[in-house]
Amino acid sequence: AVSASPVLTLPNDIQVQENFDLSRIYGKWFHVAVGSTCPWLKRFKDKMTMGTLMLGEGATEREISVTKTHRRKGICEVISGAYEKTSTDGKFLYHKSKWNITMESYVVHTNYDEYAIFLTKKFSRRHGPTLTAKLYGREPQLRESLLEEFREVALGVGIPEDSIFTMPDRGECVPGEQEPEPTLLSRARRAVLPQEEEGSGAGQPVADFSKKEDSCQLGYSQGPCLGMIKRYFYNGSSMACETFHYGGCMGNGNNFVSEKECLQTCRTVEACSLPIVSGPCRGFFQLWAFDAVQGKCVLFNYGGCQGNGNQFYSEKECKEYCGVPGEEDEELLRSSN
């Protein structure tokens, strides 16, 4: 029997940004990340780099002008066109005459000064209906929380996790100017190594750590690949394991699948003096923490995010880590005071 691929149904009720202000969306944006149900995206992801989007007043009151720059085959191309306004503020139509299709674009989330998330619906005879999400930033780099918000939006509309990518930043391109294509090794080194270590020509792009704990003091590294895989890294300053998006290849050893694995590998005894933090999320996980006032390990409810190193997964682990004395040790301590 032949199994047919599921047919994507495009959502009809895409909600635009509340109280959308058209004039505030004008100006320059950097294309930071993309996700799509279109099958070509994964095939061409290695050729994609960050471009720009310029929005402004159109030739008529019914239009807004659109100018896009991106690299194609080493040359910076410029594409100009117009979005057609609709009766819904924040929803636009874009006609692609080459393919004779009209796309619907929606501004679904934006704070105007920092980021904007667009969703675009398209129907083509070749690929059928497709849905594409794009994350734009006023600057090429955005906060990790905004990348996570974009990922959740994309997943929420049915875009597969392996079809969500960040765009490599190779600097802003100059229209018409041809640039040399970097080698794979130079791309990898630029993504992984600190600036002062580049160009040494010695060693491998990523250090070979024999012990995972040796990596705990490194900063996190996304690596040169374009995936958006949620991982944890140990932040020595906050003494907590925090999330970042891993590209899927290379990077370094400060990269953990779970918060538990990260904490059990990297935290130090100083974690025992940290406050007990439930975090802002609304999960319900019973964990152990060391209460420095009482001098003992206690149960607490962890919400599931933004905790710190003072959280343990068993009473035994907490006592062993924070040096909680047994009865004989307590007697010895009392007699020595």
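Positions of Cβ are set from backbone N, Cα and C atoms, glycine also.
Annotation in Swiss-Prot places C225 in a disulphide bond whose other cysteine, of C216, C241, C249, is C249. Between C272 and the candidates C173, C216, C318, C322, Swiss-Prot records the disulphide bond with C322.
Noted from Swiss-Prot: C297 is disulfide-bonded to C318, selected from C281, C305, C318. Comparing CA positions across the recorded positions C76, C216, C281, G283, C297, the one lying closest to C262 (disulfide bond) turns out to be C216. The two recorded residues, C241 (disulfide bond) and C297 (disulfide bond), show a Cα separation of 20 Å. C281 (disulfide bond) sits 33 Å from C38 (3-hydroxy-L-kynurenine binding site), taking the Cα positions as reference. The C-beta environment of C322 (disulfide bond), restricted to residues of the same chain at least 6 apart in sequence and closer than 8 Å, consists of V269, C272, F290, C297. Sorting each residue of the domain 'BPTI/Kunitz inhibitor 1' (216-266) by its DSSP state yields 8 helix, 15 strand, 28 coil.
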